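A.B. asks: Sharing the record's features from Swiss-Prot:
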ACT_SITE  His404  active site, proton donor
BINDING   Lys353, Arg360, Ser402, Gly403, His404, Arg490, His496  vanadate binding site
REGION    569-609  region 'Disordered'
Amino acid sequence: MGSVTPIPLPKIDEPEEYNTNYILFWNHVGLELNRVTHTVGGPLTGPPLSARALGMLHLAIHDAYFSICPPTDFTTFLSPDTENAAYRLPSPNGANDARQAVAGAALKMLSSLYMKPVEQPNPNPGANISDNAYAQLGLVLDRSVLEAPGGVDRESASFMFGEDVADVFFALLNDPRGASQEGYHPTPGRYKFDDEPTHPVVLIPVDPNNPNGPKMPFRQYHAPFYGKTTKRFATQSEHFLADPPGLRSNADETAEYDDAVRVAIAMGGAQALNSTKRSPWQTAQGLYWAYDGSNLIGTPPRFYNQIVRRIAVTYKKEEDLANSEVNNADFARLFALVDVACTDAGIFSWKEKWEFEFWRPLSGVRDDGRPDHGDPFWLTLGAPATNTNDIPFKPPFPAYPSGHATFGGAVFQMVRRYYNGRVGTWKDDEPDNIAIDMMISEELNGVNRDLRQPYDPTAPIEDQPGIVRTRIVRHFDSAWELMFENAISRIFLGVHWRFDAAAARDILIPTTTKDVYAVDNNGATVFQNVEDIRYTTRGTREDPEGLFPIGGVPLGIEIADEIFNNGLKPTPPEIQPMPQETPVQKPVGQQPVKGMWEEEQAPVVKEAP
């Protein structure tokens with residue numbers, strides 16, 4: 001194709017000095033690719049795969065950096081002495097420049113992840129991704145070479161060593177098993193996930209290189225086999241959740257489920273409905289954390305990294321941001337821990353989502369069938385389709401647990417473990433004092449908007465007519481608060497039940513009636529003060545039997561704690577999922593529309609966890 005004009009990207013609301021640090025710079029490049037790939041329909045879209053890309057990037061950066069600047073209190077993820085070649089750290093071969101090693105590792109990893117493969121076993125490679133998408137992603141990488149602090153020396157031994165490190169990680173962890181939806185069909189029945197009533201199908205181009213040509217219908221089910229089949233990164237054991245109310249061992253928990261229905265209607269409904277009791281500030285909280293795969297914004301792992309960037313600079317060890325090796329080491333370790341935890345949180349939350357296939361509130365309330373509980377015409381506030389003229393939507397994957405809650409539980413618990421004893425001291429299950437100021441979400445930055453016409457990728461978003469989202473500047477007192485608000489924000493959008501985040505008794509105010517929780521005079525749910533919250537409640541599970549966490553927050557915390565306690569070690573090969581053919585389910589009832597591709601990528605759609 002001919003010359004390509006870069007998509008105009010709105011400026012990020014953070015100090016420009018952040019990217020004078022080369023660890024933060026390459027993190028920034030990874031985050032730019034996240035928002036661009038979701039804008040152009042490129043590879044690695046959706047929450048779990050976009051988290052995986054950042055995890056692979058920061059493991060490559062971590063080992064490239066610490067091979068040249070060895071730490072005294074931990075080791076690299078790969079080992080130079082292991083007998084298993086798949087986990088062997090390459091020889092430095094004279095590499096002695098950490099800056100160039102990190103550049104080589106980052107550029108090679110990001111190119112391997114986002115550029116069109118030269119060789120691919122699929123007989124129709126890249127069928128779902130346009131040439132323009134790859135070209136736009138290539139422009140981001142080309143620009144990074146020009147803007148990298150200290151420059152890029154591709155011929156140096158250090159740069160080539162970084163490339164070698166990235167190659168080992170890519171071969172080890174680029175595991176596309178389960179990303180395709182081919183062979184999946186929804187399971188019918190009460191409590192079961194199904195097509196979204198407001199977006200039952202999307203119309204996609206038959207030829208991705210001809211977006212204005214013929215269209216075909218496509219039903220979206222994002223990565224149904226991913227959690228059970230893909231390689232984990234650094235967890236050392238299995239992680240399970242309790243059964244949700246209404247299913248299996250908790251089939252008799254009708255009071256808990258019925259009260260959750262009431263909360264969903266009151267707190268997650270569309271703004272115009274009389275039954276909606278959510279406050280304007282709670283509506284803002286729902287939008288603030290969204291990052292639902294929208295144009296120019298991307299997915300939640302991008303926002304979590306933006307927050308961690310601000311935390312990292314706020315609590316840096318030395319004042320010199322650009323040149324301090326102490327800060328470089330600090331950031332390289334922090335982002336590897338955070339993004340590996342985020343990756344494994346995505347794997348285990350997707351494993352449990354598709355294990356239970358629990359319906360979303362939009363389906364649950366509309367299909368309830370009981371006149372005194374459900375509403376067949378109910379609408380949610382919904383996941384925002386920011387920078388489009390589309391209506392809000394229900395994510396195309398099951399509810400329990402919340403991906404947001406699991407990702408946030410893992411990310412912010414890892415931050416809490418990393419800074420404990422440095423910013424202050426706290427127990428692992430109680431509030432911290434990691435406060436941050438001036439945190440702005442791109443969902444509410446005074447720039448991004450709800451458009452009145454289709455998005456134009458050739459024009460700056462500032463020049464496109466629509467309702468501009470108000471710029472809201474936030475302060476948070478702790479990572480404990482970040483973790484909690486991120487989780488409950490999904491209740492306010494109506495895309496999640498309260499138990500998708502955490503057990504009701506851990507976050508709500510009990511009443512004298514079992515499994516019924518307090519409301520204010522307006523009928524809105526009353527949440528506990530964040531400093532009083534502890535995620536301690538456990539519930540039963542049919543298989544395996546036992547007591548397990550309820551919801552995404554404690555699942556994410558559990559994953560982060562395990563990774564941190566074990567010092568960021570690889571998941572042992574013997575406990576990785578066994579290679580298997582993608583399961584094929586026989587359709588029940590109406591034959592679903594065929595998937596639009598059979599490729600090693602998740603569907604390129606707008607999605608929310």
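The backbone N, Cα and C atoms fix where each Cβ goes, and this holds for glycine too.
What you are looking at is a predicted structure, and each value in this text was computed from that prediction instead of being measured.
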A.B. asks: Give the helix, strand or coil assignment DSSP yields for Arg360 (vanadate binding site).
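C.D. replies: SS state of Arg360 (vanadate binding site) = coil.
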A.B. asks: Arg490 (vanadate binding site) to His404 (active site, proton donor): how many Å between their Cα atoms?
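C.D. replies: Cα-Cα distance, Arg490 (vanadate binding site) to His404 (active site, proton donor): 8 Å.
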A.B. asks: Pairwise over Lys353, Arg360, Ser402, Gly403, His404, Arg490, His496, annotated as binding vanadate, what's the top Cα to Cα distance to the nearest Å?
C.D. replies: 15
A.B. asks: So what sits near Arg360 (vanadate binding site) in its own chain, CB-to-CB under 8 Å and at least six residues off in sequence?
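C.D. replies: For Arg360 (vanadate binding site), the qualifying residues are Phe193, Glu196, Lys394, Pro395, Pro398, Ala399, Val495, His496.
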A.B. asks: Starting from the Cβ of His404 (active site, proton donor), draw a 10 Å sphere and report how many other Cβ atoms land inside it.
C.D. replies: 33
A.B. asks: Which whole-number value in Å describes the distance between the Cα atoms of Lys353 (vanadate binding site) and His404 (active site, proton donor)?
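C.D. replies: A Cα-Cα distance of 12 Å.
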A.B. asks: Where does Ser402 (vanadate binding site) sit in DSSP terms: helix, strand, or coil?
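C.D. replies: Note: Ser402 (vanadate binding site) is coil by DSSP, not helix or strand.
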